[in-house]
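Reviewing the structure listed below.
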């Protein structure tokens, strides 16, 4: 009997369907069998061994991938815990990084300064803004300084000094500063253009003397004033975005929340603004906006001289034209409207 060419074969490792390892130690090739059969068995065991080796390599790769997933999950969980700890250790009103902006609303009857703040990270390219502080400027609106233009700039000093205290010093140079004048200055610009320019020049010089990022002082058009008021009203009503505990979320997921129209009754004008899907015939009344990733087509119109103060002046003018009315008295509007008088209560 011929000796077996391979007295022993390597023990074969077989991977069962249940994942258990089966070891085959009976690898001895008996020489009683024919040489051909012994060679076939040797080849069979070698093929099994090669297959087992490949399966083990694949299993090892899968385990490494699984371990990678587990590691990434654990790392993400740890980052989330750290982030939550950072948020919980800070006041809700103080995000990690804030930007500031200053707006001076120069109305016809008075001027007010508003300081806003928002996180550096925006929501769909639009900042999530909240009011930081405000200041009412003493005295009348800047249009009332038509005979004393330097007084318009001087009237802003008190509130601008407050802005120096309210905005962190390290943020002064990066804080934009705007002044927008409304219907009072629009009327002055129509009746006395030189006086209007003089008032704006003194106001601009005063604003530039402060260490903020001055972006300009201008007279807003009636349409701009109307759109700004409409955006403000719907923003406060959370029609664009909705606030949660620490995050801002879109106002509607399945459908965009409906906006409301706004009528802004000012001192010298009234603006009516609303969103519409209809065709807007006059181009100056059409404004396209994109807020928090959503497009809006807005109609706006401004009625100059239909503000509260201008209506009162027109009423007094009519009363002066009444014969025998040397000292006109403003009528009791509540009585004219049918409301009960104080004597009847």
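The backbone N, Cα and C atoms fix where each Cβ goes, glycine too.
If you look up TrEMBL, you'll see 225 marked as active site, proton acceptor. Among the features that TrEMBL reports, ATP binding site is placed at 267, 268, 269, 270, 271. Summarising the annotation, TrEMBL assigns signal peptide to 1-27.
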Between the Cα atoms of residue 271 (ATP binding site) and the residue listed as 'active site, proton acceptor', what distance do you get, rounded to the nearest Å?
7
What are the other residues, in sequence order, whose C-beta lies within 8 angstroms of the center of the C-beta atoms of 267, 268, 269, 270, 271 at the ATP site?
108, 182, 183, 222, 225, 264, 265, 266, 302, 303, 304, 306, 307, 308, 310
The rounded CA-CA distance in Å from residue 225 (active site, proton acceptor) to residue 268 (ATP binding site) is 12
Number of other Cβ atoms within 10 Å of the Cβ of residue 225 (active site, proton acceptor) across all protein chains:
25
Which residue, out of the binding-site residues 269, 270, 271, shows the minimum number of other Cβ atoms inside 10 Å of its Cβ in this structure?
270
Only counting partners 6 or more residues apart, tell me which same-chain residues put their Cβ under 8 Å from the Cβ of residue 267 (ATP binding site).
107, 108, 109, 141, 183, 184, 307, 308, 309, 310
Excluding its own, the Cβ atoms lying within 10 Å of the Cβ of residue 268 (ATP binding site) add up to 25
